[in-house]
Amino acid sequence: MAAGWAPPRLEDFILTEKLGSGSYATVYKAYRKRNAREVVAIKCVSKKSLNKAAVENLLTEIEILKTVHHPHILELKDFQWDQDYIFLITEYCAGGDLSRFIRTRRILPERIVQVFLQQLASALKFLHEKNISHLDLKPQNILLSRLDRPHLKLADFGFAQHMSSEDAPQALRGSPLYMAPEMVCSKHYDARVDLWSVGVILYEALFGKAPFASKSFSELEEKILSHKTIELPTRPRLSPECRDLLQQLLQRDPDKRISFIEFFAHLFVDLEHMPSAETLEKATRLVVEAVEKDSAGEHSAALTLYCKALEYFIPALHYESDAKRKEAMRSKVCQYISRAEELKVLVSSSNKTLLMQGISGRELLKEMAQDKPRLFSALEVASAAVAKDEEGCACDALDLYQQSLGELLLMLSAESPGRRRELLHAEIQTLMGRAEFLKEQMKTSQWKSESLGQEVLSESVRNSCSLQ
């Protein structure tokens with residue numbers, strides 16, 4: 001290797017392969033000579049290449065990484081300098097960055113994207129509570145701890161600032177493809193630009209390219225300056241929760257964009273069920289209630305509680321690192337899933353009986369809705385949902401149930417008292433009960449595969465890696 005291409009020298013470390021490079025820095029994989037050859041990453045910043053802005057970015061990055069400690073934020077272990085370089089010594093992430101991860105797989109399944117989003121949202125919530133905005137969120141700045149069951153690590157805080165939703169800086173920061181429109185169009189922006197960037201990352205992970213992906217800078221500029229609503233592709237099919245979040249994140253007007261509080265509480269982000277030390281405690285509390293209801297013969301209530309408990313048990317299973325405790329927990333989870341499936345059969349038979357009994361009421365309601373085309377149309381969708389349900393097409397049936405219920409609930413609020421309102425209320429109750437049952441049924445199937453060791457994230461990665 002020519003001397004000019006050799007990595008810099010740093011006492012106590014052996015610098016090896018180059019991991020990446022930017023305008024003023026190069027990152028190397030390195031080994032600490034002591035401490036059992038600990039593996040780290042070292043960002044080597046050439047002093048010669050630093051202008052005033054670069055110095056400010058570097059100082060910002062060091063200041064923030066020194067003070068923030070979070071499982072999903074890259075850890076700064078130390079920083080040193082000599083006459084030629086400033087060295088940032090960080091934890092090493094063997095999985096590379098999210099950009100490469102997406103590129104090698106083209107698109108990611110929604111469930112994998114949700115796991116990644118939870119981790120990113122967790123880091124952003126931590127930063128938001130400290131009034132820190134990243135301002136350069138993009139897949140290249142999100143690292144993966146490893147390829148097998150990776151954890152995301154938010155990195156590269158060179159553009160970060162201490163700011164809130166009221167602040168309005170003037171300087172243009174970040175990467176255009178992931179940059180919120182207000183950063184370009186008005187130059188006045190606040191912390192909400194990070195939410196737009198999350199939307200772009202989410203879009204790219206699900207659809208394989210960013211919404212403003214362009215062949216030239218002029219085309220990119222045109223898309224950024226446009227007032228057109230961001231259209232979501234119809235394929236791959238997304239859950240209603242995922243689609244709703246994307247649409248709320250990718251609002252060009254920051255005042256119409258989802259707020260941080262709403263984002264952290266959103267059903268698709270679901271921070272409540274993110275793997276953590278608390279999830280096992282919550283799961284245990286719920287399963288105790290489920291067993292009590294089960295013993296009392298309250299099957300429907302017991303099924304609901306078992307399902308709620310499993311929503312915490314599965315992330316608790318992923319969080320547990322001790323092999324023996326994990327296996328014991330998995331055994332218990334399998335028992336609870338088996339009991340939930342038994343209860344499903346009991347509840348389903350009575351549930352379906354109610355559904356079929358509701359047919360005559362539904363037909364009568366249709367007759368009474370001849371003068372209300374919108375109500376009649378929603379009832380037709382409900383009938384289609386029941387037909388799909390009878391065919392065993394749970395996913396399609398659930399979509400149709402939710403579609404019809406959205407309309408019927410609006411109709412109910414506007415309906416005058418009388419026989420039609422009574423029938424409509426009864427129909428909604430029946431459809432809602434069946435929709436909730438199907439949701440729980442689909443979740444139980446997912447939990448079963450996860451609890452049996454087919455851990456969603458690592459399984460997907462293994463399948464993807466086998467194609468390379």
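Each residue, glycine too, has its Cβ placed from N, Cα and C.
Here the structure is a predicted model, which means the values were calculated and not measured.
In Swiss-Prot, the ATP site is described by Leu19, Gly20, Ser21, Gly22, Ser23, Tyr24, Ala25, Thr26, Val27, and among Lys43, Lys47 the residue recorded at this site is Lys43. Mean pLDDT for the domain 'MIT 2' (374-442) in the predicted structure: 85.
The separation of Asp136 (active site, proton acceptor) from Val27 (ATP binding site), Cα to Cα, is 18 Å. The residues near the ATP site, meaning same-chain residues not in Leu19, Gly20, Ser21, Gly22, Ser23, Tyr24, Ala25, Thr26, Val27, Lys43 whose C-beta sits within 8 angstroms of the mean position of the site's C-beta atoms, are Cys44, Val45, in sequence order. For the binding-site residues Leu19, Ala25, Val27, the largest tally of other C-beta atoms within 10 A is found at Ala25.
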